[in-house]
Structure formats: C-alpha cells, structure tokens
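Going by TrEMBL, these are the annotated features:
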DOMAIN    15-104  domain 'tRNA/rRNA methyltransferase SpoU type'
Amino acid sequence: VLEGARVFRGLDEAVADLSEVIGTSARQRDMTITIVSPEEAARLAVGTLANFARGGARAGYMFGSERNGLTNEDLVYADRILQIPTNPAFSSLNLGQAVQICGYEY
C-alpha cells in the first residue's frame, strides 16, 4: 500500500480523478450539500467502484484532521457529506474510528 501511495500539492489535485467524493463531518454546515449515512455512502462508493471496474468512475472518502476536521473550503470538493450517528455530546470520532466505520461492508 505504501509503495503505491501518491503525494499531492493540494486537495484539488488529490480529488481531480474522482467522480464521487464523500466528505466526513460531524458538524452541521450552512451549505447546500446532501448529507448521507454510512450505509448510503458505502452504497454510493461501491456503485461508483463497480463502474470503475468497467472502465468508468472512481470514488473516495475525504477525512479531516482529528483536531479540526474538514473546513467548508475542503468540503467544496465533496459531492456529499457523510455524518456518522454519534452521541451529540461526543460527536467527534478519531480518524481510525471514522475510517473503520466507513470501511465496514454494508
């Protein structure tokens, strides 16, 4: 995996070849963007990846830092926002937890 890793100059370059970008955020945003559950995000990603296998689209998840998450400027690149249901008093997950939930097979 590490040998295949690529480094990008910016987020715009990192998502340029993706046709479906799912950003993650626990916060409510004053943005016009569809919010999806982990199950919906997984179905979208799997469908997009199936299309990729036939020579089509690519999908990716976008995670922010554990400290601050994604900014509104980051989320401009997202097609949808994934919100993981949590206790409202403790809505933030660490990166490992969020990735594990997104990687779960629904």
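Even glycines carry a Cβ here, placed using N, Cα and C.
Keep in mind that TrEMBL annotations are predicted by a computer and have not been checked by a curator.
For the domain 'tRNA/rRNA methyltransferase SpoU type' (15-104), DSSP puts the residue distribution at 32 helix, 17 strand, 41 coil. Per-residue pLDDT, averaged across the domain 'tRNA/rRNA methyltransferase SpoU type' (15-104), gives 83.
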